[in-house]
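Novice: The structure follows.
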Amino acid sequence: MCRACLFILANWLTEGIGSIKKGLIYGVITYTIWGFLPIFWKLLEGIDSLELLVYRIIWSFLVMSLTCLCFFKKEMFVEQLLVVWRDAKVRWNLCLAALSIGGNWGAFIYCVASGQTNNASFAYFCSPLFTVFFGHFLFKERLNVWQRFAVVLLMGSIFTKLFTGASLSFVPLLMALAVAYYGVLEKQGVLNPIFRMWVETVILLPVALMIMWFTKMPLVLPMLGGNLLLVTSGAATALPLILFMAASKRLPQTVLAILQYLNPALMLAISVFLFREPWHPSDLVTYSWVLVGSIIFVIGLMKHTKEEEKHDKRRSSIDSVSDYQHRR
């Protein structure tokens, strides 16, 4: 019933709109939600960052459990569980992914709480380029000229941040690496994304409960407003994921690659104009490097996609000719 309600609402919002336009709407909503998340965590700045991370894990687990109940039939859920049970590589992949996403959540909350939202924005600008970097060194993926140039500009922006007096702690860099590595692990995954996210929260849950036990953290906060916000932190984790899945089914990867920069762009705007975080003069140079590198990255991705499409067309035409000759 809950699943039906979600789809009825989504269809009502996009009634009379084509599939690609629907995907574009879902994608924009997804990255807009992620872009405005700093405001959400800023409302809870009176709570310790470690506590916020623990509560986010717990509520994300509960919301993802409810989401699985809504989206999965019993047979499909058991089938996914059996894949995890039988394959050690899948379990290892999920453990690393859980560690990466947990680290990303913790680092992001810390950045917002410590007045470093601009550095979190910088991390999310850099993460797609780090993904390319990982793909080259871990999986020997070839980089075209555009991608190599984008990676060089990324390194230039990082060194500019580090050596010009601008504030860049290692936490945002670790966050960018965690996000990029999580993306690499997700590409290797064979599970449904919603089920995968649920398993990752299952893996993180014992860690959160242990932290709660050893630090004698209260299960319920004394402030009612804080409790209500923390409950919605689980929904803020699940809802964008569901919308992202809907967008990724309808949109080409090149469009998603462009849309993903909406998230850090909104974070940067919130950091500068709403939070009034300090802005170093060299940040203008740094973000210029990142912006140019991101544009070059998208151009390289579009060219790579076109080359793959041409290659696929040639292969299909060759297969058609050989099939025709074989029939003769």
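Every residue gets a Cβ built from N, Cα and C, even glycine.
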Novice: Which one of 2-20, 287-305 shows up in TrEMBL as transmembrane segment?
Specialist: 287-305
Novice: So, do the transmembrane segment (254-275) and the transmembrane segment (23-41) meet, by the test of 3 or more Cβ pairs under 8 Å (sequence gap 6 or more)?
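Specialist: These two segments touch.
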Novice: Hey, which of 53-72, 92-115, 227-247 has the most Cβ-Cβ pairs under 8 Å against the transmembrane segment (169-185)?
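Specialist: Answer is 92-115, with the largest number of Cβ pairs below 8 Å.
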Novice: State the residues, same chain only, that lie 6 or more residues beyond the ends of the transmembrane segment (227-247) and have a CB under 8 A from a CB inside it; answer 'none' if no residue qualifies.
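Specialist: 6, 10, 22-24, 26-27, 29-30, 33-34, 37, 40, 43-44, 52, 55-56, 59-64, 67, 193-194, 197, 220-221, 256, 259.
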Novice: What stretch of 23-41, 92-115, 287-305 shows the most Cβ pairs under 8 Å to the transmembrane segment (197-215)?
Specialist: 92-115
Novice: What same-chain residues lie close to the transmembrane segment (287-305): Cβ under 8 Å, and 6 or more beyond its ends?
Specialist: 122, 125-126, 128-129, 132, 144-147, 149-154, 156-157, 160, 252-254, 257-258, 261, 268
Novice: Please compute the mean pLDDT of the model over the domain 'EamA' (22-159).
Specialist: 88
